Amino acid sequence: MPPAADTARLLVTETFGPTLQGEGPNLGEPALFIRLSRCNLTCQWCDEPHTWDTSRFDLQEHTRTHTVRELSRWAQTHPTELVVITGGEPLLHQQQLVGLVDALVAGGKRVEIETNGTIAPLPEIRGDGVRFNVSPKLASSGVSRSRRYRPEALSALVEADSICKFVVTTAHRDADLAEADQLVTEHPFRQVWLMPEGITEPVVRTGLRLLADHALVRGWSLTPRLHVTIWGNQHGH
Ligand SMILES: Nc1nc2[nH]cc(C(=O)O)c2c(=O)[nH]1
Ligand code: SF4
Ligand SMILES: [Mg+2]
């Protein structure tokens, strides 16, 4: 028998907040964060490699298990309305996430799930109060196209409440933008953000300046990485 939804266990790297959502449509809004462990990709510039990179990290040291009930109770101890579920790749755990998302929404929260767009969301996890921030990885991630580009998952995400957010690396900007253009033609997300790759403020700032006109010409939005500007790439923010 499957475990009751609220005793299902999730592999968690950290819970933190309230902090400020540093990226995308809710930029600057107070938010609680639940960071799940493990990823199905291996981006060379990943800012959270302790969630997946066994060559550099002991994943056990960076992983705790929490039940859905513990996580939703933690969220309910804060009045903060927005809860961001990130990783790693959170949809690797979506069977258990269904119960968590249900509990959070029932408790009056709005949920954003940050996903790399390679896994189609289960119908049960889509619904009022849940948005997917889809960040399809481009060639500069160093991941092979067959692993990072899953058209059927993107099509399912376009049908859900989703926006798209491309991380663009300054050194590969033109190739990244060409690939982003192609992807949005095939998968018409209702809103698209460009975001510079970078884990230091100067790198993010340079990237923003180089991306602004490219966003404007496409009618796309631009997002900084506000938490990097304020706190650096520290855990817990
Ligand atoms: N403040 C803050 N905002 C974020 N938005 C997306 C994040 C992520 O790691 O997915 C993130 C993060 O780690 N911190
Ligand atoms: S998809 Fe995200 S978490 Fe996974 S390796 Fe790439 S940047 Fe890191
Ligand atoms: Mg991050």
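Any Cβ shown, glycine's included, is placed from N, Cα and C.
For L20, Q21, G22, R35, T86, the entry in TrEMBL reads substrate binding site. Same-chain residues at least 6 positions away in sequence with a Cβ under 8 Å from that of T86 (substrate binding site) are, in sequence order, F33, I34, R35, L36, E48, I113, E114.
If you look up TrEMBL, you'll see C39, C43, C46 marked as [4Fe-4S] cluster binding site. For C39 ([4Fe-4S] cluster binding site), the same-chain residues lying six or more positions away in sequence with a CB closer than 8 A to its CB are C46, T51, W52, G87, G88, E89, L92, N116. Look at C39 ([4Fe-4S] cluster binding site): DSSP puts it in coil.
On its own chain, S135 (S-adenosyl-L-methionine binding site) has E114, T115, N116, G117, C164, K165, F166, V167 as residues at least 6 apart in sequence with a Cβ closer than 8 Å to its own Cβ. In this structure, S135 (S-adenosyl-L-methionine binding site) belongs to neither helix nor strand by DSSP; it is coil. Per TrEMBL, the feature S-adenosyl-L-methionine binding site maps to W45, C46, D47, G88, S135, P136, K137.
Sequence annotations record features per position, and here TrEMBL assigns domain 'Radical SAM core' to 26-233.
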For D47 (S-adenosyl-L-methionine binding site), what residues in its own chain, 6 or more apart in sequence, show a Cβ-Cβ distance under 8 Å? I199, N233
If I restrict to non-local contacts, at least six residues apart, and a C-beta distance under 8 angstroms, what lies near L20 (substrate binding site) in its own chain? G28, E29, P30, A31, L226, H227, I230
Among L20, R35, W45, C46, the binding-site residues in the record, which have a C-beta under 6 A from ligand 2? C46
